[in-house]
Amino acid sequence: MSAFIVLGSQWGDEGKGKMTDYLAKDVDVVVRFQGGNNAGHTVRVGDKEYKLHIIPSGILYKDKVNVIGNGVVLDPEALFQEIDYLEKAGVDIQPDNLMISDRAQLIMPYHKVLDGIKERSRGKKDIGTTGKGIGPCYTDKMERSGIRVCDLINQDVFKENLKENLKIKNDIITKVYGEEALDFDSICDQYIEYRKKLAPYVKDISVEVYNSIKNDKKVLFEGAQGTLLDIDYGTYPYVTSSSTIAGGVCIGAGIGPTLITGAIGVAKAYTTRVGKGPFPTELFDDTGDWIRKSGREYGVTTGRARRCGWLDLVILKTSSRVSGLTNFAITKIDTLGGLEKVKVCTGYKFNGKIIDYVPASLQDLAKCEPVYEEFDGWDKDIENAKTYDELPENAKIYLNKIEEFTNTKISIVSVGPGRDQTINLNNM
């Protein structure tokens, strides 16, 4: 595949960072196309662990070009903190291996303030935002009042846009919520400093990515979050503010759909979720606790404990359908090792019928009862398996069920967090 997508097929945290890192060795360009620093990707290389939030996972290879697309919302403060963190870890970052779209929207201090204020005002109806200003920034983008990277590069344009925006935002902050106004000069000075550091990285990434594909370079598009967090197909309103499915690539990276040759959906061998919202296969017993501890299920960005449950094949089937997945990469199958029995959800019982899709209505999804198929478990120690044949027979039966139900072949199986703990079935 010359231009392919790696995206999450559940509620995020599926292991996209590891999969992108693993696949990046064979590509030339890695592109982030949506989201912001609310994403959290963990990549382990040898005995080192890297936690990435905004920079594409390909940055850990010396010879890859990494691109932050126009569909991303960019917090310059978070970006430069991440660059500093990576450089201290020995990762070289220069304008020849990191590009930033001139059309990307900038997260401003008032976005983060409003994100926190609005979430607190919701009380018990909060939606679990990370408080990083992602939603308010996307709101400004759709209202056509946002400030883009290209606006920051033009200092006069930036000052004028900031002046207009801050007047409106301060009115909301002070008059609606009774909070303290933000200062124009301090924000302006801060972002003018960011401008100097950002400028060398800024390019028209649509042109760059298009030319890469046309020149037979291999391009990997790295998704953030997951299908069930998509603004349209997720469990709305407990979703993110961008399009996390394959269609988001065209908008967020500025290329046409005919240039994309494949889409790999990353999914855990079980299901997790952070924050509120329906979760049909959630486990509230000792098994759920065991999976959480065994899988180290705590958020990279928030540190919040993840809710855990059995694998939901209805969700994976939905993910495959809405993104046109060509392959699955299954992660953390080692976490289930040692359980005597494992289950997968093959349908929902809803209003006396069995359905195999995710309802749009939260109220309907909350009423859905999972229909399970039970399988025998497998040996705990599979972390050293190097080939598919070395996996326990019961694990293979489990994987075969995923392929059969979703009508999507599995191409990669992860048996641990390391690069070398990855089994490639060589069928992509």
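Note that Cβ sites are derived from N, Cα and C of the backbone, with glycine treated the same way.
Binding of IMP is attributed by Swiss-Prot to Asp13, Glu14, Gly15, Lys16, Asn38, Ala39, Gly40, His41, Thr130, Arg144, Thr240, Arg304, and the same site annotation extends, among Gln105, Gln225, to Gln225.
Within 10 Å of the C-beta of Gly12 (GTP binding site) we count 30 further C-beta atoms, all protein chains included. The two recorded residues Lys18 (GTP binding site) and His41 (active site, proton donor) have their Cα atoms spaced 8 Å from each other. A gap of 16 Å separates the Cα atoms of Val415 (GTP binding site) and Asp13 (active site, proton acceptor). Those residues noted as binding IMP (Asp13, Glu14, Gly15, Lys16, Asn38, Ala39, Gly40, His41, Thr130, Arg144, Gln225, Thr240, Arg304) have their most widely separated CA atoms at a distance of 34 Å.
In this structure the C-alpha atoms belonging to Asn38 (IMP binding site) and Gly12 (GTP binding site) are separated by 11 Å.
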